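J.: The structure under discussion is supplied below as structure tokens; questions concerning it will follow.
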Amino acid sequence: MTALANIRNFSIIAHIDHGKSTLADRFIQMCGALQDREMQAQVLDSMDIERERGITIKAQSVTLYYDHPNGERYQLNFIDTPGHVDFSYEVSRSLAACEGALLVVDAAQGVEAQSVANCYTAVDQGLEVMAVLNKIDLPQVEPERVIQEIEDIIGIDAVDAPRVSAKSGLGVDKLLEALVEFIPAPTGDRDAPLQALIIDSWFDNYLGVVSLVRVRQGTIKKGDKLYIKSTKDAHLVGSIGVFTPKPLDTGILEAGEVGFIIAGIKDIAGAPVGDTITHASTPDVDCIPGFKQITPQVYAGMFPVESTDFEKFREALQKLQINDASLFFEPDTSDALGFGFRCGFLGMLHMEIIQERLEREYDLDLITTAPSVIYEIVKKDGSIIYVDNPSRLPEPNNIEEFREPIARCQILVPQDYLGNVMTLCIERRGVQVDMRFMGRQVQLIFDIPMGEVVMDFFDRLKSVSRGFASLDYNFERYQVDKLVKVDVLINGDKVDALAMIVHETQSRYRGNALVSKMKELIPRQMFDVAIQAAIGSQIIGRSTVKAMRKDVLAKCYGGDVSRKKKLLSKQKAGKKRMKQVGNVEIPQEAFLAVLQVD
């Protein structure tokens, strides 16, 4: 049992690639939690995809015992947070479990928007934030400039910020000493009624749901009966302990500590992230504030290439959902693609990761339609509906108002690229809200339609700023605008999976661009394939994939012209008959062409 005064709960806030997971590895090594032969890069990133992409998706925790030079032994509970904009709710839950945070900044690159957003979240939640300069052994570091940036942009004192190299371990021992001095000890009465926060939950095939919790007050012991506030269910604690990073069964968790609970919960919905746990004997304990149900921001249709894989696909999604409460799916049918699922995601990265995991871990071949956001539609009779699939829109003459979601985007960009970034935001129908100059960086705040942000805004932002701009966004409001649905017809048949919702002013351009892109992607058939873009019954763009044809006149050397005409008309009649019964094969790239229309 560790006294409250000797516990430190902290998190690391960092932008992608600023060295958060590497610094965690050094902490684990220095506190002797793993032997050298067990060490591997990114110890806490347990998924293969996390290691390959170098990103952290799920929150992880590790309890380390640190012997301070003053002779005291401290329990350090480090809670790892995701760094990507799609996973910001998981970050806020991880931070709610801490008293302090280390803001790790790359001493060469400087401050990025994602760190700023997460840092503001930490400050709002009352955490002490300590700046740390990482990668100090690189030749191109500019520590003085970066310290100035941290003070200008985030507003925390960084003059005495420890300078470390997580890769080589330089300065990490001094950082651990500073951390113990700087971050406050947790408070909480160990004899009060139990109140604990669920930081993260995941599913284990043998144990059921494993929940990572932070005990605010009270004590949890093995065999206790727990009560989960939002689901109102009671469960018996089967196993309880801490990660060192390997699970270590301690049989008890007390106020101020972070650890895991296994209580035989069969479904991840039974232990939602951010919820409050108490004892079944004291169900009236107050909830820890900040809990919210996660709502998907981006929707896309996913269909198995082989229709026989449908059940396998359903099982795969159910298994993924067990571990990822933010993934939403419902059955969907498409005239062009058959049976599949409409899936909801937190953002484009989340969607890519889910698709990659389905293909890699479950060996599925999938066709994914272009993603869309949720639109609010006011119908003529005054009723309001929410539509996430363009093919489910009501008829245009039945729509009174079309409202689209607007995202508040915070962009940090060096002054040299300010013009390019502002042009991009305005092209994407953005409205400037604020602009602040902070040292060599500029903070731009724009309101941009969510549909424009989720498409390829992030990639375009990186390319116009040579990778220096960074973005953080969140949903702001719904706003009325003139939007239309553009349908794609192939040989006169609507392909529901290719429909898109665009602004009226861009509809002709986007329709024509999509049609010409499709022409490149659909392979030539034995008959002409007409590709058309239409708004309602009005055709706004067309192109034709020309038929492959055999030279039927090859063996006519001279001779009567009527003989040639007869052969040509016979071929023409055959092609016409083919067109009536022929199916056009549409490759996966064509469905994603909607994304690439600039």
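Cβ atoms here come from the backbone N, Cα and C positions, even for glycine.
Sharing the record's features from Swiss-Prot:
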BINDING   D17, H18, G19, K20, S21, T22, N134, K135, I136, D137  GTP binding site
DOMAIN    5-187  domain 'tr-type G'
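Give me the local environment of each listed feature.
T.: In the three-state DSSP classification, N134 (GTP binding site) falls within a strand.
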J.: Tell me which of the binding-site residues S21, N134 sits in the most Cβ-dense spot, judged by other Cβ atoms within 10 Å.
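T.: Ranked by Cβ atoms within 10 Å, first place goes to N134.
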J.: Can you give me the average pLDDT across the domain 'tr-type G' (5-187), rounded to a whole number?
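T.: The predicted confidence over the domain 'tr-type G' (5-187), as a mean pLDDT, is 74.
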J.: What are the sequence-distant neighbours of G19 (GTP binding site), meaning same chain, six or more residues apart, C-beta distance under 8 angstroms?
T.: V104, D106, N134, K135, A166, K167
